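Undergrad: Mind having a look at this structure? Questions to follow.
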Amino acid sequence: MLNFLIYGPIFTKFGRRLPCANRNRCTYLFRSYDATVGRHIELSNITNFPTSRVGRRLTPSSRNLVGGFPALNQNRYVNECSISNGGCQDQCCNTIGSFYCKCSSGQKLGSDGKSCEDVNECAIVNGGCQQACINTAESFHCECDVGYRLHTDGRTCINIDECRLGTAMCAHRCVNMLGSFRCTCNPGFELGADGKQCYHTDECETGEACCSQFCKNYPGGYECSCKAGFILNPDGCGCDDIDECLTESAGCSHECHNTQGSFECSCYEEFRLDFDRKTCILCLDNSFGSDCSLTCEDCVNGGVCNEKGNGCDCPAGWTGSICNETCPTGTYGRECSKSCKCENGGTCDPTTGVCHCPPGITGNFCENDEWSKNVQGRMLKECCISNGQLRAPGNFSEVHRDCGKG
């Protein structure tokens, strides 16, 4: 839309002062304001135009061209914004022959061209905010979650290191995390319900300690220890037996026998332990035994006092300090010094050495195996021993022989 204005020799809002020798007959400049492009356009020069027409606005009804130029009427210039702000809610912008409404930053013009509506900047890519976008009248702002702070750009959120700033208030240790933090306690302490304070725990009392014998608790931890005769294992928990017999700490005169957590000393024949249970002293008054508590009157099974009177002489087949033990299997005779020669599972008499053969075996030394001489004997030899009988397998279900009979 073109609105025409004639400028005269006086200074106007949209014109400029032009040289004119005769105020009644002067050359004037036509200018127009084009609202579509937002600028003034020079149209033509007009001469011999009455000065009374200067500053008048051309209405649409008077825009017919006369002699190549627009015809002019005497309607005066109107500022629509001066009346009720042109109906605009916010800003009214007057133009040559018209006006338009405008809204402040953060608002947009309504469909009626006059009212203003708030622009929700958060609706588009979250307003550029990294976390929370808060829309406000005519504007918006970004906010961050707990544990973050807003960067100087007003959009980015940066993690807050509560541990470094000292705002965590952890009693012992602080571990920073994204958007938060976590308190931890030193060994021997446990975290309180508030998640910050640390309280001492008695591992010995709660059973958390690994000690196998003794446990000593102290603030922040515990310590294991062992009974006498044991040493703490390198793992700090278990207790290992000390073999005192491998060291000089035992102090036994003759023999040392290690036990769990301790040791025992013993003496050779004809000696006994003294009151310190380590030193060995000679038995007196015809006494004998490991503790000198035996005499010849204690000899049994035909045993008699020896020539020195400090022990028993045992008959064949018997042994021990007072002849109360038979010869070990495979030996016989005096002092059990002879070896048995029985074969095929035969056992010898501890006194005479005579062999006692199992069923089916004969000979002085049980060297003859009669069962192996025939088929039935060989099969019977493979029988199972059950309820004191030999029971033949297979077809020999009726064959029975007492195990104790030849």
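Glycine is treated like the rest: Cβ placed from N, Cα and C.
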Undergrad: Just confirming the record: what cysteine out of CYS314, CYS327 does TrEMBL connect to CYS323 via a disulfide?
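TA: Between CYS323 and one of CYS314, CYS327, TrEMBL records a disulfide, namely with CYS314.
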Undergrad: Disulfide partner of CYS357 per TrEMBL: which of CYS348, CYS366?
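TA: Within the candidate set CYS348, CYS366, TrEMBL assigns the bond with CYS357 to CYS366.
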Undergrad: State the Cα to Cα distance, in Å, between CYS314 (disulfide bond) and CYS366 (disulfide bond), rounded to an integer.
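TA: For CYS314 (disulfide bond) versus CYS366 (disulfide bond), the Cα atoms are 29 Å apart.
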Undergrad: Please work out the helix, strand and coil residue numbers for the domain 'EGF-like' (332-367) from the DSSP assignment.
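TA: Looking at the domain 'EGF-like' (332-367) with DSSP, the answer is 3 helix, 9 strand, 24 coil.
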Undergrad: How about long-range neighbours of the domain 'EGF-like' (288-324): same chain, 6 or more residues beyond its ends, C-beta under 8 Å?
TA: 266-267, 269-273, 332-336, 349-352
Undergrad: If you skip the near sequence neighbours and keep only those at least six away, which residues in the chain come within under 8 angstroms of CYS323 (disulfide bond), Cβ to Cβ?
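TA: Those within reach of CYS323 (disulfide bond), by Cβ under 8 Å and sequence separation of 6 or more, are CYS299, VAL300, ASN301, GLY302, GLY303, CYS312, CYS314, PRO315.
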Undergrad: Test of understanding: give the count of other CB atoms lying within 10 angstroms of the CB of CYS357 (disulfide bond).
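TA: Result for CYS357 (disulfide bond): 21 neighbouring Cβ atoms inside 10 Å.
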